[in-house]
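Each remark here refers to the structure printed beneath this line.
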Amino acid sequence: NLSAVSEFVLVGLSDAPQVRVLLFVLFLAIYLATIAGNMAMLVAVSTDTHLHSPMYFFLGNLSLLDILCPTITVPKMLEALLFEHKVISFRGCLFQLFFLIDVVGTEIFLLTVMAYDRYVAICHPLKYLNIMTMRLCAHLAIGIWVAGFFNSLLHTSLIFTLVFCDSNQVDQYYCDIPPVLGLSCSSTWSRELVLLVVAGVLGSGAFVVTLVSYLYILLAILAMNSSESRHKAFSTCGSHLTVVCLFYGATICTYVRPSSTYSPLWDRIISMLYGILTPLLNPIIYSLRNKEVKCALRRAISQV
């Protein structure tokens, strides 16, 4: 209520008409392909009995997040490109940022749980079904979604209780933490510190668990006598490790740093990597390196 700004203007894309049309066609095609690919993964995981296991249960959650992430930002971007309507209300910006942080945080926790699942499967294969029960998987899934929600609630409340009274031009194609913080006319130092500490603790904790899990996995794979077993283990974990590297690399470059180092052009490129391209690549990566997923997709397509 203290803010004089009632709306924001998203100025993160080019104003040249010919470029706008090309960008609209490109991003629309990527968005539709992302939705189709992840929907296919969801259908395959939910309908094929061969994929009713903890690994694919978490993969279904990942596909759902990869549908939500671009859906939060891309439609507004397409509207701005096609109709030149770049204005978003204060409340609309708040909700867009809230849901984006929610999805990104939940995906970080999910990738950590998926790494632990692979650790148990490869390092303790005989105990896998006893440890990774569907009851535990359901509790873990609920836990990561709830954790993502409260993490987003904290970030959003700290940002949108600031005072915005001057510029309202967001140098990005959606409402994101660094450009929105830069528009506040009140001191943001203490809140930036809290945001960095919370993001650092949660992000580094998730990253350490993921890293340690894969170190144990690597040692277990190297200790295998059969080259076929090693190849199968590498194939199973390679997809997840590729997704982890793409996602962590982009999010760390975007969020885990002070706003004084914010670069609009660089951040726009990075945000497109994790917000648009990564959700498109995830189903491709998992389907290309996993025979069970490819067979399930073929069966689902043949049924349709």
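Easy rule for this one: first residue shown is 1, then count along the chain.
Glycine is no exception: its Cβ is also placed from the backbone N, Cα and C atoms.
What TrEMBL lists as domain 'G-protein coupled receptors family 1 profile' is 37-286.
Sequence annotations record features per position, and here TrEMBL assigns transmembrane segment to 20-44 (among others). Outside the transmembrane segment (20-44) by six or more residues, the chain places 13-14, 51, 59-60, 63-64, 66-67, 70-71, 74, 77-78, 81-82, 84, 276-277, 279-280, 282-284, 286-287, 293, 296-297, 299-301 with a CB less than 8 A from a CB of the stretch.
Here TrEMBL flags 56-74 (among others) as transmembrane segment.
Sequence annotations record features per position, and here TrEMBL assigns transmembrane segment to 94-116 (among others).
The transmembrane segment feature in TrEMBL is assigned to 136-164 (among others).
Under the heading transmembrane segment, TrEMBL lists 193-221 (among others).
According to TrEMBL, the transmembrane segment annotation covers 233-257 (among others).
TrEMBL lists 269-288 (among others) with the feature transmembrane segment.
The transmembrane segment (56-74) and the transmembrane segment (136-164) are in contact, since at least 3 Cβ pairs between them lie under 8 Å (pairs 6 or more apart in sequence).
The largest share of C-beta pairs under 8 angstroms with the transmembrane segment (193-221) comes from 94-116, of the ranges 94-116, 136-164, 269-288. Residues 2-5, 54, 57-58, 61, 90, 94, 97-99, 101-107, 109-110, 113, 177, 180-181, 183-186, 188, 191, 194-195, 198-199, 202 of the same chain sit 6 or more residues outside the transmembrane segment (136-164) yet have a Cβ under 8 Å from a Cβ within it. Within the chain carrying the transmembrane segment (94-116), a Cβ under 8 angstroms from the stretch's Cβ atoms is held by residues 55, 58-59, 61-62, 65, 68-69, 72-73, 76, 88, 140-141, 143-145, 147-149, 151-153, 155-156, 159-160, 174-177, 180, 202-203, 206-207, 209-210, 213-214, 240, 243-244, 247-248, 251, 274-275, all 6 or more beyond its ends.
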